[in-house]
Amino acid sequence: MQERSHFNPPKFFNSRSKDSCFTEKTPLLKTSREENGTIHHSVSLMDDESWDSSSVEWEQRCLLGNEIVSFSTSASSEKSEFLDSFPVKFNLSKLRSCLKCLKVTGLFIFGVVCSILFSTYPDHGKSWQMLAVSPLESYSVNLTEIGDSALLKLELAGSLIAGVVDRPQAEGYIVVEVTQSEDPSSRRRHPQQQVIYNWTIFLNSRRNERAVTSRTFEIITRETISINIQAFLQKNQVIPLSMTHQYLHADIETQVMIASVILVGVYGLIIFEIVHRTLAAMLGSLAALAALAVIGDRPSLVRVVEWIDYETLALLFGMMILVAIFSETGFFDYCAVKAYWLSRGRVWAMIIILCLIAAILSAFLDNVTTMLLFTPVTIRLCEVLNLDPRHVLIAEVIFTNIGGAATAVGDPPNVIIVSNQELRKMGMDFAGFTAHMFIGICLVLFVSFPFLRLLYWNKKLYNKEPSEIVELKHEIHVWKLTAQRINPASREETAVKCLLMQKVLTLEFLLKKKLKTFQRQISQEDKNWETNIQELQKKHRIADKILLIKCLTVLGFVIFMFFLNSFVPGIHLDLGWIAILGAIWLLVLADIHDFEIILHRVEWATLLFFAALFVLMEALAHLHLIEYIGEQTALLIKMVPEDQRLTAAIILVIWISALASSLIDNIPFTATMIPVLLNLSQDPEVSLPVKPLIFSLAIGACLGGNGTLIGASANVVCAGIAEQHGYGFSFMEFFRLGFPMMLVSCTIGMCYLLVAHVALGWNS
């Protein structure tokens with residue numbers, strides 16, 4: 001009995017270790033049952049059976065005892081090491097808890113302060129004044145309640161064309177003259193009216209189209225400001241307009257500085273992973289709204305909601321529903337096996353095929369749609385081949401952004417450029433834009449593939465752990481959580497907690513042993529790919545062929561409508577509407593009863609991140625950050641000598657656009673830079689052709705999205721889907737690969753434009 005009482009507890013502690021040495025597949029529930037069964041079986045043998053067993057059984061028991069003693073010794077040594085390092089671990093955990101408490105407290109105080117500032121300043125609203133001007137009758141108004149304001153913001157609405165300096169073919173224009181009385185302390189005897197600003201706005205020939213344009217004027221003195229609006233038309237007709245004004249309490253330099261600090265803060269939260277990127281965008285939006293409230297430009301809730309691009313959110317939501325239903329058919333597994341067959345077991349051939357297909361598809365589809373379709377296929381393929389999906393996904397999304405720049409419909413900045421009416425009148429049509437960009441992007445792709453291989457030279461693609469190791473890590477995690485939840489209030493509870501910690505130490509020792517074995521078995525190329533193909537084809541087949549036919553029919557129609565929407569103007573459906581309608585059709589055809597399962601697969605965090613990002617970027621635009629970047633770019637170009645101005649303009653526009661698009665959303669940046677470049681080309685002092693500037697903007701804005709994780713919408717979508725599948729990658733992981741690729745691709749695009757427009761003179 002003494003021998004039994006001494007022998008049973010070690011057997012209890014190390015039964016998993018014994019089993020694991022023979023079978024290396026031990027799920028948690030199965031292991032627990034086996035251990036319990038082993039304990040009861042051993043006790044019944046001791047109580048019921050006689051001690052005169054056969055020699056074979058006795059030898060097995062002796063071997064078992066030796067193995068248990070060895071594992072007990074190793075576990076005891078591990079335990080002693082753990083106890084020795086316990087004070088250090090305790091101090092580190094205490095430091096982490098203090099830092100976490102400090103982070104939560106600081107962010108909470110920051111949120112409370114921004115909320116108080118936003119609620120303190122009221123929303124004055126906009127009172128629009130209806131007015132009518134003509135060549136024979138002007139409109140004048142005096143503004144007296146200036147106070148301590150630094151800027152005056154005027155907004156005009158009507159049949160106007162915003163952001164154009166000179167347009168000789170325009171039917172007419174209006175001039176807004178802002179004047180202000182001189183300071184009474186002036187030494188002059190007779191105060192005179194001093195003209196401060198003249199603002200010229202051209203009229204749109206389509207009188208039924210309404211546009212809103214605004215401009216900010218600096219207030220020099222505290223005296224009365226007079227506004228005079230005069231129309232200059234070829235015919236004597238009345239032009240109806242609406243006007244509103246607003247006083248701002250900070251100058252443009254201060255607003256730009258505040259916007260820059262907010263943007264740096266948001267990037268700091270995302271880069272160092274202090275909080276989730278969605279919460280970082282929400283905090284940045286709150287800070288930007290509080291800044292607008294303080295300077296006197298607090299937006300209303302309706303206005304903030306209007307800043308959100310619902311077409312993009314609808315496109316994402318609809319395609320996420322389609323992909324969620326599509327994944328039930330097993331089609332992604334089937335595509336993964338086919339891609340493995342095409343690559344003939346060679347990993348890099350497979351990666352190049354995936355990146356090339358993604359680049360080609362994104363040239364005709366939206367790159368967000370391409371990544372929504374490609375990310376699940378890539379993840380399933382990497383799981384089948386025991387690859388780490390993160391490196392392959394980053395490579396795919398980089399080439400998706402590159403391929404999207406090749407056509408006029410592949411990337412949102414290109415869509416904005418081609419749809420601009422002023423550029424269309426200057427000869428920037430769909431075919432010409434696509435032909436010019438296609439040549440440059442082909443050169444970029446030709447150089448990017450070898451450079452990608454160079455970046456991945458020392459990276460281990462086969463670093464995904466097998467299922468046995470993943471299960472063992474999960475089991476260790478469960479045992480640790482169970483031990484942490486036990487409060488050692490009594491002797492029995494303390495003993496149970498020690499038993500669980502002993503279990504954890506034993507499993508960690510086994511994990512180290514398996515990891516060493518796994519590292520020795522890793523190979524960089526699959527030698528037996530033909531045998532594996534046969535096994536994979538038997539294992540991964542189409543699960544539901546009828547549902548697959550329905551999904552392919554609806555998805556094919558949706559993609560066809562995407563193409564048709566780009567070329568046929570008679571279709572009055574945006575991309576978001578097409579995706580939503582396709583999702584509704586497929587939900588009806590698939591006869592989905594458990595709707596919650598489909599909704600769980602929607603990336604709600606990604607959708608919320610985009611909504612917060614739209615608000616943040618629009619608020620930063622209202623703080624004049626994007627406008628300031630455009631104006632400084634124009635000033636730099638004007639400083640260059642005339643014979644080198646075109647070369648300098650191409651270089652500056654490409655790199656400023658690339659760097660800005662990697663930090664802020666390229667959609668508002670492109671929309672802001674187009675009027676700046678138009679004005680620059682029409683300035684008689686500069687005399688630059690507009691097409692090289694626009695192509696430089698397109699290459700910089702599209703390829704610059706590869707610089708950071710939030711530089712392009714496709715990056716965020718890919719990261720969100722990968723995170724949902726358990727393969728999320730951080731900001732720095734993307735930055736290490738994306739930023740060098742952005743530098744190389746922009747350099748190749750710059751060289752192409754310099755040769756085409758400076759050396760060969762393709763400026764017409």
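Note that Cβ sites are derived from N, Cα and C of the backbone, with glycine treated the same way.
Note on the transmembrane segment (101-121): residues 274-275, 283, 286-287, 289-290, 293-294, 296, 298 of its chain, located 6 or more positions outside it, place their CB under 8 angstroms from a CB of the stretch. Among the features that TrEMBL reports, transmembrane segment is placed at 101-121 (among others).
As annotated by TrEMBL, transmembrane segment applies to 252-272 (among others). Beyond the transmembrane segment (252-272), the same-chain residues lying 6 or more positions past its ends with a Cβ under 8 Å from any Cβ of the stretch are 151, 216, 218, 279-281, 283-284, 287-288, 291, 295, 616, 620, 623-625, 628, 663-664, 708-710, 731-732, 735.
Per TrEMBL, the feature domain 'Citrate transporter-like' maps to 267-700.
Same-chain neighbours of the transmembrane segment (279-295): 107, 110-111, 113-115, 117-118, 120-121, 248-250, 254-255, 258-259, 262-263, 265-266, 269-270, 304, 608-609, 612-613, 615-616, 619-620, 622-623, counting only residues six or more beyond its ends whose CB sits under 8 Å from a CB of the stretch. As annotated by TrEMBL, transmembrane segment applies to 279-295 (among others).
The transmembrane segment annotation in TrEMBL covers 315-335 (among others).
The feature transmembrane segment is assigned by TrEMBL to 347-365 (among others). The list of residues near the transmembrane segment (347-365) in space but at least 6 beyond its ends in sequence, with Cβ under 8 angstroms from a Cβ of it, reads 339-340, 371, 373-374, 378, 381, 385, 387, 392, 395-404, 406-407, 409-411, 441, 445, 449, 452-453, 461-462, 524-526, 559, 562-563, 714.
According to TrEMBL, the feature transmembrane segment maps to 433-456 (among others).
Marked as transmembrane segment by TrEMBL: 547-569 (among others).
Positions annotated as transmembrane segment by TrEMBL: 575-592 (among others). Residues of the same chain lying 6 or more positions beyond the ends of the transmembrane segment (575-592) and with a Cβ under 8 Å from any Cβ of it are 310-319, 321-322, 325, 328, 366, 369, 547, 550-551, 554-555, 557-558, 561-562, 565, 598.
Feature annotation from TrEMBL assigns transmembrane segment to 604-626 (among others).
Sequence annotations record features per position, and here TrEMBL assigns transmembrane segment to 646-664 (among others).
Residues annotated as transmembrane segment in TrEMBL: 737-760 (among others).
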Two-stretch contact, the transmembrane segment (547-569) and the transmembrane segment (315-335), at least three Cβ pairs under 8 Å: yes
Chain residues in Cβ proximity to the transmembrane segment (737-760) (below 8 Å; excluding those fewer than six residues from its ends, i.e. six or more beyond): 391, 394-395, 398, 402, 436, 439-441, 443-444, 447-448, 451-452, 455, 646-647, 650-651, 654-655, 658, 662, 689, 691-692, 695-696, 699-700, 703-704, 706-709, 711, 715
Same-chain residue ranges lying at least 6 outside the transmembrane segment (604-626) that approach it to Cβ under 8 Å: 216, 252, 255-256, 258-260, 262-263, 266, 276-278, 281-282, 284-285, 288-289, 291-292, 295, 297, 299, 304, 307-309, 312-313, 316-317, 660, 664-665, 667-669, 672-673, 710, 713, 716-717, 720-721, 723
